[in-house]
Amino acid sequence: MNGFTPEEMSRGGDAAAAVAAVVAAAAAAASAGNGNAAGGGAEVPGAGAVSASGPPGAAGPGPGQLCCLREDGERCGRAAGNASFSKRIQKSISQKKVKIELDKSARHLYICDYHKNLIQSVRNRRKRKGSDDDGGDSPVQDIDTPEVDLYQLQVNTLRRYKRHFKLPTRPGLNKAQLVEIVGCHFKSIPVNEKDTLTCFIYSVRNDKNKSDLKADSGVH
């Protein structure tokens, strides 16, 4: 079982349900081949072997099923969703020292939405910074780091940003290319939170943004 990628998790239940359906079908086939014996176990590092099969023929958790994970030694009491756990996911989060593991008594591999989002945050953080930066980072810092979606900004705003910082670009860039260029520069800026908030509040109170818009209206 390959588990789910961050892209699958961000797309919601459809992709995760498809993965779960494959798991259920494989478990049902294994059960039929062994004379209706119990489903085969899936080994997860540090968590032992558990049954990887959910309800026969199901494409998701059964009614009332709870998340299959344990956090800090205690079983999660949240309802299971369509996202599923795997050895690959266990390995990726273990490098971040996140204290979650598969419960040995669980008879399925479905996890709750809370842990799905937690795993996504940790894995996205790992992709952004790379494994060289793992030392010294705490799980709380990794999880609480916000992800800024610059694609939500208007094209004119992205161009304003590019002009303000004099970013070298070729003419005729589309929005996706602007987002990539602005995003790389944005992540490299050291920020003093107190000074930034103070400047923002001052700008709002003095309508500084309106003045900027008028000044930039003649610049292309």
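A Cβ is built for glycine as well, from the same backbone N, Cα and C atoms used for every other residue.
Swiss-Prot assigns the feature zinc finger to residues 67-115, out of the candidate ranges 67-115, 116-164.
Neighbour counts of Cβ atoms within 10 Å were taken for the recorded sites K87, K194; the minimum is at K194. In the zinc finger (67-115), the DSSP tally of helix, strand and coil residues is 11 helix, 11 strand, 27 coil. Note: the CA-CA distance between K194 (SUMO2 cross-link) and K87 (SUMO2 cross-link) rounds to 42 Å.
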